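Per TrEMBL, the features are:
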- Thr23, Ala24, Asn25, Gly168, Gly169, Thr170, Glu216, Leu217, Val218, Lys219, Gly296, Gly297, Ala298, Leu299: ATP binding site (BINDING)
Amino acid sequence: MKFFGKKSLRHLFSHDIGIDLGTANTIVYLRGRGIVINEPSVVAVNQKTGQVVAIGTEARAMLGRTPSHILAIKPLVDGVISDFEITEEMISYLLGRATSGSNKILSPRVVVGVPSGITNVEIRAVRDATRNAGAGEVHIVEEPMAAAIGMRLPIHEPVGNMVIDIGGGTSDIAIISLGGVVRSKNLRVAGDKFNSDIIAYVRNQFKVLLGEKTAELVKMSIGSVLPTHAPLEMTVKGRDLVNGLPKEIVITDTDIRDALSQSVESLVETVREVLESTPPEILSDIMHRGVYLSGGGALVKGLRELIESEINVPVHVDADPLTAVARGTGIILEDLESFRDVLIENESELPPKK
Ligand code: ADP
Ligand code: MG
């Protein structure tokens, strides 16, 4: 006993696991190993038996292609838990897979990242789902806080840190100082909305209906919110809305810029609102230190530069924005005691959300 601190002793018998329960991707961090699972947040369920038949990449491949009795669902739509039982099944599967082949005897200690717009009832649901799925201890952290920790920002210091996490369903904007969120806002404008903007634009301008995956591919390949050096274009297939038959069209980066302009504007507007309500000392820290972008949406070409010029503050994109939250849960696991203050241990601590 003398040779082990309490921390390291527990480590011998139990797993510590961090989960980023994203609307688009679920990432699992295993202490001592790093990221062990990175899969789309999709679950396929057999409606006849109620059983989960596939999860992640395999389930996503089924989206839009299932026979009538199999349902492929995204359990976390717009950052909220739309289906409690399925979420529980998913967490249970993740815990099982992350710890498979291990002989550790205690149930895992789990840190779960949740979107900042989530209600107390939903936090309680995540906590219960994780506990039912076999976790020994459950700790909840808000995703922008986890992203800030994952990006190694000095969140405990008396200095303002600003994070914009642009995920699939929601974008979280948060200002953090002394281990707490000073100001935050979240909006349902993120990667999924960009995809639906592209679908709506192509339907109006070309009278062609694109699939969701095609729209996402277009966004990633030629989407840019600022003019590019050389024009970009891409040939895509969709359904001609006039005669119902397949049709090929050529889309350019200018089309995508038009398609995304309103969403990008509302994102920038919300960032401005957060800055406008931030106390002056913290604002001065942020002007000096800059704003940090995480989440897959941060990879949209030109977005960093555009936000920078709109708010007149330096903007940085994390080197691996998709894993910032998961890395943050991992850093918390390494030293739970030092991060007690950032964890939501009791739902009643949270102010009611609008
Ligand atoms: P969540 O945390 O909600 O699961 P993620 O942070 O995993 O979301 O980001 C997923 C979103 O990022 C998706 O909408 C996806 O289309 C988008 N994305 C990922 N890579 C890129 C890229 N290279 N360019 C533009 N968007 C991207
Ligand atoms: Mg996320």
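Cβ atoms are placed via backbone N, Cα and C, with glycine included.
Unlike curated records, TrEMBL annotations are generated automatically.
On the structure: features taken from TrEMBL.
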residue: Asn25; record: ATP binding site; Cβ contacts under 8 Å, 6 or more apart: Asn38, Glu39, Pro40, Ser41, Gly168, Gly296, Leu322
residue: Glu216; record: ATP binding site; Cβ contacts under 8 Å, 6 or more apart: Gly191, Asn195
residue: Val218; record: ATP binding site; Cβ contacts under 8 Å, 6 or more apart: Ile198, Leu210, Met234, Val236, Ile251, Ile256
residue: Ala298; record: ATP binding site; Cβ contacts under 8 Å, 6 or more apart: Ile164, Asp165, Ile166, Arg304, Val317, Asp318, Pro321
Sparsest Cβ surroundings (other CB atoms within 10 Å) among the binding-site residues Gly169, Gly296: Gly296
Entries of Asn25, Glu216, Val218, Ala298 (binding-site residues) sitting next to ligand 1, with Cβ under 6 Å as the cut-off: Asn25, Glu216
Residues Thr23, Ala24, Asn25, Gly168, Gly169, Thr170, Glu216, Leu217, Val218, Lys219, Gly296, Gly297, Ala298, Leu299 [recorded ATP binders]: greatest CA to CA distance in Å: 20
CB contacts for Thr23 (ATP binding site) [other CB atoms within 10 A, all chains]: 23
DSSP three-state assignment (helix, strand or coil) for Asn25 (ATP binding site): strand
